[in-house]
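Report on one structure; see the data block that follows.
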Amino acid sequence: MTAEDSATAMNSDPTVGSSTKVPEGVAGAPNEAALLALIERTGYTMVQENGQRKYGGPPPGWEGPHPQRGCEVFVGKIPRDVYEDELVPVFETVGRIYELRLMMDFDGKNRGYAFVMYCHKHEAKRAVRELNNYEIRPGRLLGVCCSVDNCRLFIGGIPKMKKRGEILEEIAKVTEGVLNVIVYASAADKMKNRGFAFVEYESHRAAAMARRKLMPGRIQLWGHQIAVDWAEPEIDVDEDVMQTVKILYVRNLMIETTEETIKKSFGQFNPGCVERVKKIRDYAFVHFTSREDAVHAMNNLNGTELEGSCLEVTLAKPVDKEQYSRYQKAAKGGGGSAEAVAQQPSYVYSCDPYTLAYYGYPYNALIGPNRDYFVKTGSIRGRGRGAAGNRTPGPRGSYLGGYSAGRGIYSRYHEGKGKQQEKGYELVPNLEISPVNPVAIKPGTVAIPAIGAQYSMFQAAPAPKIIEDGKIHTMEHMISPIAVQPDPATAAAAAAAAAAAAVIPAVSTPPPFQGRPITPVYTVAPNVQRIPTAGIYGASYVPFAAPATATIATLQKNAAAAVYGGYAGYIPQAFPAALQVPIHDVYQTY
């Protein structure tokens, strides 16, 4: 065969012609030639779908299952004009790439981030170590971290009498790719579940499709409406770290089971091997002196019964405190203004957290009986699930969801040890009054705006020692300097008021303070029409029987008072003074 015959045969072969076809998503790209050269060099496929361009998946000659969880890394801070022809040579230096997914925009540029999946887990970890902050362009650094491949859904609204097998069977009927179902027994009645379950799927895609299918209003299970959301993905702990763990996580305990009973049960194989036990509701952490004793106890006691309850025993997962704090913020949509603190499991709040978050720290500090926990963080949404599935406060919003099956992350309860209780603000130092329900309330000085020296006769009343005295006598102390006495001419004044009502002008000056009244407006003289004034809390006047003070005389001589005629002997009820008012009168707490 000559060279011409060979060329003719190649041109007539349809497979050869199809191999030169430009893949969809590559045709028309700014760097089309570079992408085609990359495909020819590596033999990988490239296709664009659903706003992302997939390179590989699987690679040429791949045989075997899909790479395990933890083989994918997230790549961020990618320049908008960088594509696979520059990314692949960088990331293939640390391992074999199974798949690279570059998020694309409609204008043909990338969206600044991508996902790279390796064939093995150790290659992904190496990529994080070596390629994070890699300078892809002068002055442009890539951000590389482990990707959270969430394959777990939270499903609520499950009938409490359903068993794990029934739930697994029902979920598998309506969704695909179900691997496992995690169901927690009720702490009070082990024959019932807690009304929710965690469903694990074989891949993130399968979980996403199941979530879309199970959205509320589309499917009912056992005739019940269900709630579906992403669960908090289980935190991945390095295998080398897990090899040093000597703490066991024990769940499904009875509420009545004591720490002494748990210590005796787990220490039966080697007396003295258990250092201590920390029990929280229906789960516990058992600390051993050596890892061998912990593993031996786990193998022998997992699945056994203790005081009528079947135990689930696993190795606890240690988590770096700083890493866990960052993870919590990312998983719940970013932290709020509250400082990150340890989660306190299972506290029943007697007050509405939506309302408390509005008033802020000083008001939260007065609310009982759980005020110590309200001031630490504002609970709006995104409620986390602790190791035993209990609700705990979390910041508003949910990026990866607000629920977690928990697997014994024992660093949580270490956070709160030896921590000082936060105290509220003491507005008036060194003054104690009787506690109420059972909060100790500090009195505070409430300064009403527009205080003037001309009203010096209105002195602040002494702070009462008892709250009840403050309620009863506050107004009495306020009006006592005026020396209000019964006026025999009250009836005549009322008649004059009725006659002058039509000629009294309205005051157009807006009130200088648009706040709510601290106390109600009182009218001392009956049947006297109120005059609209530029008062701060209301329009009302108090009559004087004997205006003897210099201040009142000045008021009567004031030209502005002349237009009021017979009302010049009255003074506004809204006293511009400083007075002592108990805080509970300002912010009602009961």
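Glycine is no exception: its Cβ is also placed from the backbone N, Cα and C atoms.
Marked as compositional bias 'Polar residues' by Swiss-Prot: 8-21.
If you look up Swiss-Prot, you'll see 71-149 marked as domain 'RRM 1'. In the predicted structure, the domain 'RRM 1' (71-149) carries a mean pLDDT of 91.
Here Swiss-Prot flags 151-233 as domain 'RRM 2', drawing on sequence analysis.
The residues of the domain 'RRM 3' (246-318), classed with DSSP into helix (H, G, I), strand (E, B) and coil, number 19 helix, 26 strand, 28 coil. What Swiss-Prot records for 246-318 is domain 'RRM 3'.
Residues annotated as asymmetric dimethylarginine in Swiss-Prot, with a large-scale study or a structure entry given as evidence: ARG396 (among others).
As annotated by Swiss-Prot, omega-N-methylarginine applies to ARG396 (among others), with the evidence given as a large-scale study or a structure entry.
Residues annotated as asymmetric dimethylarginine in Swiss-Prot: ARG407 (among others).
The feature omega-N-methylarginine is assigned by Swiss-Prot to ARG407 (among others), with a large-scale study or a structure entry given as support.
The region 'Disordered' annotation in Swiss-Prot covers 1-25.
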Helix, strand and coil counts within the domain 'RRM 2' (151-233) (DSSP):
21 helix, 32 strand, 30 coil
